[in-house]
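Per Swiss-Prot, signal peptide is recorded for 1-23, and the stated evidence type is sequence analysis. The disulfide bond annotation in Swiss-Prot covers C43-C55, C49-C69, C54-C79, and the record cites experimental evidence as its basis.
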Amino acid sequence: MNKFTVALVSTLLLGMLRITVSAQPLENEAVSADEPSAGGKLCSENGDCAADECCVDTVFEGDMVTRSCEKTTGNFTECPGLTPIAKK
């Protein structure tokens, strides 16, 4: 009975360890363009960005917002107010 208990516990622990290790991302996985960390320099207002960039809010998956500098697409003399951009 004692050997059976040790074998059962060992099997369960090894199985849990394998699941935990396989769930971790690999070191060489590339960052997706849809991930928040793939954006430009983080900012809190337009003054934090370069001359040709504006501070823009980007919404991810409906409830997560990041604010980063992005190149302006128009001929603005000033950046418009902070604009949310939704990404899925």
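Glycine is no exception: its Cβ is also placed from the backbone N, Cα and C atoms.
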(request) Looking only at C-alpha atoms, tell me how far C43 (disulfide bond) is from C69 (disulfide bond), rounded to the nearest Å. (result) 6
(request) Would you mind reading off the Cα separation of C69 (disulfide bond) from C55 (disulfide bond), to the nearest angstrom? (result) 5
(request) Compute the C-alpha separation of C49 (disulfide bond) from C79 (disulfide bond), stating it in Å without decimals. (result) 10
(request) Mind telling me which of the disulfide-bonded residues C55, C69, C79 has the densest Cβ neighbourhood, counting other Cβ atoms within 10 Å? (result) C55
(request) Sorry to bug you, but what's the C-alpha spacing from C55 (disulfide bond) to C79 (disulfide bond), rounded to the closest Å? (result) 8
(request) For C54 (disulfide bond), just give me the three-state DSSP call. (result) strand
(request) Find, for the listed disulfide-bonded residues C43, C54, the residue with the lowest Cβ contact count at a 10 Å cut-off, counting only other Cβ atoms. (result) C43
